[in-house]
Amino acid sequence: MVRIPRRKLLPSCLCMTATVFLMVTVQVLVELGKFERKKFKNSDLQDGQKDVEGDPKHLNPLPKKDALALSGRNKVDAGSYPIVLWWSPLTGETGRLGQCGADACFFTINRTFQHHPMTKAFLFYGTDFNIDSLPLPRKAHHDWALFHEESPKNNYKLFHKPVITLFNHTATFSRHSDLPLTTQYLESVEVLKSLRYLVPLQSKNNLRQKLAPLVYVQSDCDPPSDRDSYVRELMAYIEVDSYGECLQNKHLPQQLKNPASMDADAFYRVLAQYKFILAFENAVCDDYITEKFWRPLKLGVVPVYYGSPTIADWLPSNRSAILVSEFSHPRELASFIRRLDYDDGLYETYVEWKLKGEISNQRLLTALREREWGVQDINQDNYIDTFECMVCRRVWANRRLQEQGLPPKQWKADVSHLHCPEPTLFAFSSPASPALRGRSLRELWLPSFQQSKKEAQALRWLVDRNQNFSSEEFWALVFKDSF
């Protein structure tokens, strides 16, 4: 059976995916078709469900590990292999016996296996995790595992202690996760060092006659990070070319306006002409680092970064990015960027690591060297395969302990596996874009985050009761004054 990894597909890819899904079942085609179109069809310029930062184009389309397709969806001999059930239909696999080193597990999205005696673990995709249907009652030997590499705005309740601690195993953007995905948008050390897109400084200086020093490309406006408010204020002090729908003042060439072109060589070369790229995440979370940060580094452009408070731990060198958090106001940031724009020697200190091909950050080098998955590498498993195998191996480890008469090991996630503070506005924030019909960011994201706390508490109470529940029960509990 063909291994179908999850990716945010563009319309042309959707057709190919749909064809493969038809080989599985019509039911899976409909279900996944809705799932993909809802969450993954949009622009590389957009965030969360719309953005390339949640776009795992780096998934390996041809998994490395062995997979044995089973002819019958339910033909698994009880007592033979542990069953690992994707409760979120992420992979589209109705049945696959996957080899994970010396261990093997049966992976499936078929929910009829929920009560099978050999079902040992349930896998959830964070964005798709909801209260409408959960595998309850949960038996003592049922592990829950969470895969969530995307923005917190996709599902805030996961980021609160009552919910994250429901899971035994995690794969998230946090370095503290069981399977850290912090470098999910960075292919390799070699890509960082590559000079393929580097435009010489003298050429950039000449291009400054028609280009601003800074470029901003976003089409998901007014996200929880309040980035558009900051950039809007920054524009009052320094020129910024903005190509996306947010604060747009410049247009891309017609052939690059299609979202499919956002990973195109021609688009990269447009960005590479600039001295600085505004690399602002859609949310502020520890270790939540997307292509917005890595892309300018690949292109030989200095990122002006706002997002993860822990970004300093992941810089290629101490002087490779300008951190917005180090400036008290956009006015000060603009003044500093103008200094670098006019002083070639000072500017070059920020690209010296690139020119010399020297990455001094040992944490980054170690993370890339030791991670068990690859990005756009046909010789390595993708991170979904690796996540599945991590759970499979842990299931087998406990099975062996029990065979020896020993108690099974208990794994449990904690709040460090997904940490994001509540959204905050910049002091100079102005009303949101017309797209939000006059609502401010505070009116949208902060109440959403605060309500998610109550949702997390309600969900935990219902899950601990260990009975199926309706959405009506859940929402009644969320809005109960005394809860």
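Even glycines carry a Cβ here, placed using N, Cα and C.
Per Swiss-Prot, disulfide bond is recorded for C389-C392. Cβ-based neighbour count (10 Å, all protein chains) for C392 (disulfide bond) stands at 24. In this structure, C392 (disulfide bond) is part of a helix by DSSP.
DSSP gives N110 (N-linked glycosylation site) a coil state; it is part of no helix or strand. In the shown protein chains, 19 other C-beta atoms lie within 10 A of the C-beta of N110 (N-linked glycosylation site). Taken from Swiss-Prot, the feature N-linked glycosylation site applies to N110 (among others), supported by sequence analysis.
Of all Cβ atoms in the protein chains displayed, 20 besides its own lie within 10 Å of the Cβ of N168 (N-linked glycosylation site). Annotation comment: Swiss-Prot describes N168 (among others) as N-linked glycosylation site, evidence class sequence analysis.
Within 10 Å of the Cβ of N318 (N-linked glycosylation site) there are 10 other Cβ atoms, across all protein chains. DSSP assigns N318 (N-linked glycosylation site) to coil in the three-state reduction, placing it in neither a helix nor a strand. What Swiss-Prot records for N318 (among others) is N-linked glycosylation site, and it gives sequence analysis as the kind of evidence.
Sequence annotations record features per position, and here Swiss-Prot assigns N-linked glycosylation site to N468 (among others) based on sequence analysis. Sequence-distant neighbours of N468 (N-linked glycosylation site) (same chain, 6+ residues apart, CB-CB distance under 8 A): L134, L136, P137.
Under the heading region 'Disordered', Swiss-Prot lists 45-64.
Marked as topological domain 'Cytoplasmic' by Swiss-Prot: 1-8.
What Swiss-Prot records for 32-483 is topological domain 'Lumenal', and it gives sequence analysis as the kind of evidence.
Per Swiss-Prot, the feature transmembrane segment maps to 9-31; the stated evidence is sequence analysis.
Using CA atoms as reference points, the recorded positions N110, N168, C392 were checked against N318 (N-linked glycosylation site), and the closest is N168. Put simply, N168 (N-linked glycosylation site) is 14 Å from C389 (disulfide bond) when counted between their Cα atoms. Each residue contributes its Cα atom, and for N110 (N-linked glycosylation site) and C392 (disulfide bond) those atoms are 17 Å apart. When the Cα atoms are compared, N168 (N-linked glycosylation site) and C392 (disulfide bond) turn out to be 13 Å apart.
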